[in-house]
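Peer 1: Here it is, the structure, as structure tokens.
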Amino acid sequence: MAQPSCSAAQLAQYFGPNATNAAAAASLICDQFTAVSMQYKDTKHAVDSTYLLFSAYLVFSMQLGFAMLCAGSVRAKNTMNIMLTNVLDAAAGGLFYYLFGFAFAFGVPSNGFIGRHFFGLKQVPSEAQDFDYSNFLYQWAFAIAAAGITSGSIAERTQFVAYLIYSSFLTGFVYPVVSHWIWSTDGWASAFNTGNLLFGSGVIDFAGSGVVHMVGGIAGLWGALIEGPRIGRFDHTGRAVALRGHSASLVVLGTFMLWFGWYGFNPGSFNKILVYYDESGNYYGQWSAVGRTAVTTTLAGCTAALTTLFGKRILSGHWNVTDVCNGLLGGFAAITAGCSVVEPWAAIVCGFFASLVLIGCNKLAEKVKYDDPLEAAQLHGGCGAWGVIFTALFAKEEYVKQVYGSGRRHGLLMGGGGKLLAAHVIQILVITGWVSATMGPLFFVLNKMKLLRISPEDELAGMDLTRHGGFAYAYEDDESHKHGIQLKRIEPNASSTPTTE
């Protein structure tokens, strides 16, 4: 919205030739208008900053969801280990993103590959680049989300030092470079780079189906491939054996926490809320787009959850709550790229196919004997890639113009041609190549140095006991006789009468 102008000379003419101190009166009035205008500007900054900070808090709350989901998806003997890795993802990621990551991602002016300013938040806040501390906090929450995805893929068999090394490298270098490409105003593939748009369009990955989810998923894929499956995951004939997590309750609670946090992840990616699309006083502005983004996020997740529920029922004969939770999260991961530029009905399409992608990726993983305790690579990598393609098909011209400005391409199926799709295919290939070229060798070197996988004896006993001094769950008060919860597999007998052991 344009700010009104005011000058004493303009106002003085309206006081008439006989007005006393006309110029002074006009100057006073203009000063009042200027003061009000500056207060409005300050209020706008305060509202936008508060909105972004609140969104950052929501995204950070997803770490609680990740921790609960991970804990419930592993066996009880590894609970303490996976919870500790989630804490360290946030802690190590905070330091390395502060020192290097934010600068590599958003340190403009720079080149199209990597940023080169704001190391250690030097020169932040920056009015010229419109960066404040709230921007750093929000982007840090995204960075540690990517690291959390990777930790799920290599759970139950990875040495603690390997977690520290990969998490620091991912949040301090690998992820920031990708986010610079797509989200920085200087990024070579960014839709915000007005001077050099890829295929005249740039990549529309609004909240990170590719930037966050594909990066975390592909990194986890390489870690799990190099480590190999957990002991007992496949029998001697190659048949998959389910190593189920110990708590469906934690899985469900973690999923709901992630769902809640996603309302900061996707709608919060606008960064600002007090933005007018037309003239001021119009009912429709960015605040409405924020609401629409929350709706598309919700519909995609709900559709994916229901599709997975019935799809897995047909395939396995069971109503499995863990599968439904993963399907829900797969829908969220997929809609993240296009949540701000698609219609609500298109989000339903996104969620439906995201569920099919997840089911298909899980079937492929079993065929090739790939073991991922949380299905993180399949869910975030596979569904994230589908979300990038989906956006190139269904992005609406009106919404693209509102969010990214004029001159950008919109979806192929919405009449926008194939240039946006071409840009998004390039994004998928480049992200896959970059993460493979950086994280793959890292995991390979760690494995060669025997710093990646724990010993078979430790794996069978559980890392809580062998690496962390005891089990996560204790049922006796006597410190000298604490034991972990002993879980038994109870096979149903012929009679329907329960037996007591």
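Even glycines carry a Cβ here, placed using N, Cα and C.
For 51-74, 95-116, 136-154, 161-183, 203-226, 247-265, 421-446, the entry in TrEMBL reads transmembrane segment. The domain 'Ammonium transporter AmtB-like' annotation in TrEMBL covers 51-473.
Are these features on the surface or tucked inside, and what touches them?
Peer 2: Outside the transmembrane segment (51-74), and at least 6 residues removed from its termini, the chain residues within Cβ reach (under 8 Å) are 82-83, 85-87, 89-90, 134-135, 137-138, 140-142, 144-145, 148, 151-152, 155-156, 245-265, 267-269, 271-274, 322, 325, 373-374.
Within the same chain, residues 129, 131, 135-136, 139-140, 143-144, 168, 171-173, 175-177, 179-181, 183-188, 193, 196 sit at least 6 positions outside the transmembrane segment (95-116) and bring their C-beta atoms closer than 8 Å to a C-beta of that stretch.
Within the chain, the transmembrane segment (203-226) has long-range Cβ neighbours (under 8 A, six or more residues past its boundaries) at 142, 145-154, 158, 166, 170, 174-175, 178-179, 181-183, 189-191, 265-266, 269, 333-341, 370-372, 376-385, 387-388, 391-392, 395, 400, 403-404, 408, 420, 423-424, 426-428, 431-432, 435-436, 439-440, 443-444, 447, 452.
Using a Cβ-Cβ cut-off under 8 Å and counting only residues 6 or more beyond its ends in the same chain, the transmembrane segment (247-265) has close neighbours at 54-62, 64-73, 76, 141-142, 145, 207-208, 294, 297, 301, 321-322, 325, 328-329, 332, 336.
Within its own chain, the transmembrane segment (421-446) has Cβ neighbours under 8 Å at 150, 162, 165-166, 169-170, 173-174, 177-178, 181-182, 189, 198-199, 201-205, 210-211, 214-215, 218-219, 222-223, 226-227, 385, 388-389, 391-393, 409, 412, 452, counting only residues six or more beyond its boundaries.
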Peer 1: Do any residues, 6 or more residues outside the transmembrane segment (161-183), come within under 8 Å Cβ-to-Cβ of it, and if so which ones?
Peer 2: 85, 88-89, 92-93, 95-97, 99-106, 110, 112-115, 139, 142-144, 146-147, 150-151, 154, 189-190, 192, 203, 205, 208, 210-212, 215-216, 219, 223, 427, 430-431, 434-435, 438-439, 442-443, 446, 451-452
